Amino acid sequence: MSQRRHFKMSVTAKNFYRRPLPETCIEFSSELGKKLFTEALVRGSANIYFKLASQFRTQDEPAYCGLSTLVMVLNALEVDPEKVWKAPWRFYHESMLDCCVPLENIRKSGINLQQFSCLAKCNRLKSTVSYGDNSPDFLKKFRTSLVNSVRSDDQVLVASYDRSVLGQTGSGHFSPLAAYHEDSDQVLIMDVARFKYPPHWVKLETLQKALCSVDVTTKLPRGLVELELKKGTRPLIMYGLKAYVNINDSDFATSVISWNQFLLCDPLEDDEEEFQLCCRKFGQCFAPHAMCCTQKTFDADQKNSCTECSTDQNEACKMICSEIRRTRFAEVFSSSAVAALLIAWPFEKGYSERSDRIGNLAEKYKNEFSAETMNEMNQLTTQIRTLISCSKPPVVININKPDATSNKCCKNKIGQSCACANDVNL
């Protein structure tokens, strides 16, 4: 006689197979959903759908809606990351979006609208953020942006919204918008949490309300992000900021504040001493954050080795490295990555005499660089500027003339030299 085995299922383990859509949403695969899509397609208001559908993905982690949405958009817009995902393929994956916010933090808490935009900019996308509000003007602008996006094949509109306003479970969520049905004023949401909800149509006014929900982490409304590839660019292939540098990195924020305060001080009378002082101060602030993208270690960069570039990038890497090392900045720094960071620094004209001097020298070199090196500097400037603007605590570069009495050292108080010189190891 056979024995029957009894298996017990834990009563504490709660799990779900998807969620039913609320009445506010129309399932994409329903008869009505198909009808709405067909009519939108005939009117040319679903062009971007095909690019998005070809890269439609399910978020890898419960809190990865923002990352997965961005990966979907990057691949849909055919952005070459010029990084290998799985050999030999170059393709965007969530694990490759390792700037702005630590991946471990995102896995736990997700990202907000500002962080999403930061990641987009660091990956060569034009990113325009519109925070939600309930005004008719916002709804009109929303509709215009949506129509422009869905009728194109190179612009994507992403919504950061509150699910609960749509009658769904959960709160903050990201997903791209793929089609618009004009007669019913409904938009197709390509929900990246496909394990929870399928793609669905929703009234534009309803989604507008969901965009107005305040994100508790930023105290700002959610909203929209218009994304488009910056044409004629390539990603950073030689230099960059280390992966741990992100908008929550207080060390980086502190370094930026210290550097900005240094720039406010009076320059030294001797030009060579002033140049050396500025370079040493910058190195003190940012050498720990600078990285040569082709090297595994700081020592390798010091040895001027570019052997780890991929074959198709090798010549470009060598050219960029060579041009940076021919500058006066590289004569001071042991790492060309720090020199590149200084040359690419987003100096604001008129910020201070010291800032203008060092900024003008950096600009002189940039004007002499090849197209490859200039692209590298422009991309690095974008990365730096984006991280500065998003840093917590906020790092604000005030381009207006600062209050000299509160922020600036006075020569007559410290002999004939800038007080900040005492803080820099020459």
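The backbone N, Cα and C atoms fix where each Cβ goes, glycine too.
Copied over from Swiss-Prot, here are the features:
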DOMAIN    11-232  domain 'Peptidase C83'
ACT_SITE  Cys65  active site
ACT_SITE  His173  active site
ACT_SITE  Asp191  active site
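A map of Swiss-Prot features onto the structure.
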| residue | record | Cβ within 10 Å |
| --- | --- | --- |
| Cys65 | active site | 24 |
| His173 | active site | 26 |
| Asp191 | active site | 26 |
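Reduced to three states, the DSSP call for His173 (active site) is strand. Reported as a whole number, the C-alpha separation between Asp191 (active site) and Cys65 (active site) equals 9 Å. Counting in whole angstrom, His173 (active site) lies 6 from Cys65 (active site) by their C-alpha atoms.
Per-residue pLDDT, averaged over the domain 'Peptidase C83' (11-232), rounds to 94.
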